[in-house]
């Protein structure tokens, strides 16, 4: 039995592989033609047009609202409408909601809130559904989707002004503490959407209010803007001695992951948590504004550019070429012919750079010729999440598709200017001067960067250039201040910490932060498309699976689309939430950022993200797991169509899925945040063989995604070896063209790696010690501090009033015998000392 041809090879069959002399020569043209046709097909399959994607805080308003609901919930829209209309007819005669004056609408809402305060769960649920119908835009009285969105926003502001959010917050506390619902869900073999009805209604109302009020528009009246700021303050700070709202949602996430509440609608919880954090702390553009303000407060020079605008102006690069596998090597001309071509061509060219010389040395040599290393399993350094879930697959990586590049030497065309201003750190200048002084004068001057005596003129010019591009980050200032506070705690006094929303959130999360991070990563792992179904993994489909499983094929297809969409939305919310937390904590204080980062790394976040990208990212980004006719608000205006193959396949004609591309970019940004300037974590990227995984993501022609992939490749380039750099020159050129340069950063060569053995464990331990010292100094307030003043006056101490517990007099004689009479006391010496 003949072995099947290797996947992706273009070699001829057994009779044309070179065996048998003349037969092989006769079959060569056919084999070459077959290889060319296969190559054309593969080029067409991987060709991706430039994606017109605009990165932002979130998707469009309608899309963000529609993702709140699963398609299984669509039948509940009519249920909400019926509950509202039944209640409305008993209170208002002969009018519809939109016909009422604002005062009458407010009076009706007050009546609804009063009717929520009943003992019966069924009656309470009906009234809550009526409130949800208002928040959904009273779609029964609207003619278009625009009207539904308009009245949804109007009603949400009205509901907030009447105190609906605080009322629903109390109901949410009751449902979270409802032990009967938890025990009922635990007893069931399979939890379905029916087990979380009350929670889904409450969370939906709260999400609609947060999302609609969060959205700012120029036409908003003054009252709405005031209400928005008041709402933001209520969500940010502890009200009535209660924790901030985000902490309540975090506790729901941990309770769900611990298995104590499997019926929680986790998608709605995560969406609401993400939007609350974004609303209270600010989105990505607001972060840039805060960064500019903070630099001005610290007396630092302004930023050289706005990173968001620079990325938006970038153009996507063509993906690098890939291996042509066995077919190319079989059909390539003999080396002697190549040498002849190379020699004749060199006679015509007098000046060539090293890249052109390298390309001409072997015209058929494309990137990644040695695929043995990259085709090894990405799970060689296999890790587990909480000891139960594999984080790296053991299946071999899929070989890269054939090259798109023509079989000729290519020249790399660089733009006129690089997009980023180069940066230099203070320690880079110190390191440069240390090497220069050792070379020219034989000794060093420590951290002195001003004394240049004895150094040649070119070194003077180099130092001048380095200082012109010196960049002092906010983190550098914060670390320096922290070192001074550790050295001189008494003389510098107590640090004044402003009570910002970010600071309050960190204080609330501090002691449970490891559990929060592990819970989020567990859910992210369960939602990743590369995850394998396991019996011991958490069930994230409780709020999407119907009570009765589908019977027909079409119903199964619909549920399959719904489940995939459900997972995509969870990935989107978690990735954006983690990125927002990291960026805000980094701006607030660098050690807050490092604390969160370290717990993410300890929970195996790095291999988890790499596992996510160990799939066909192009297919994931272009996946169409949506049914447009079932999306809100479209499904509320039109009658639900009969389930057919056409209605399932009917959807938007966009070339990509916004949320999936958004998730991929955020996960790459998250990975970049965790590994930047951390050699131990960069080595994790190398150990887990991330280079081929990341490089395949470059096939997606979107500038921002490519930028963060190239950043991650740049981090580990020096560790990948000379052969990898030689065979990936186009990737190296793309890094040079798109990623910011650090002067005297030897990223492309790695000459000093062997001379610099990193103690990775010591690096993380030192960072952890600094974090613990920061948290202890700022947030631990022990009563008997070593820095608190001591009262040495005997009379003063004896005269102090000491509050004793009420039951102390029962054991007073025993205490007197044990602590006073049985202890030898030299009274003369005691009196002499005082």
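Easy rule for this one: first residue shown is 1, then count along the chain.
Note that Cβ sites are derived from N, Cα and C of the backbone, with glycine treated the same way.
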According to Swiss-Prot, which stretch among 321-345, 396-420, 421-445, 446-470 corresponds to the feature region 'Disordered'?
321-345
Out of 183, 354, 680, which residue gets the phosphoserine annotation in Swiss-Prot?
354
For the region 'Disordered' entry in Swiss-Prot, name the matching range from 360-382, 475-497, 498-520, 521-543.
360-382
Tell me which of 1-48, 49-96 corresponds to the region 'Disordered' entry in Swiss-Prot.
1-48
Cβ neighbours of residue 318 (phosphoserine) where a neighbour is any other Cβ within 10 Å:
16
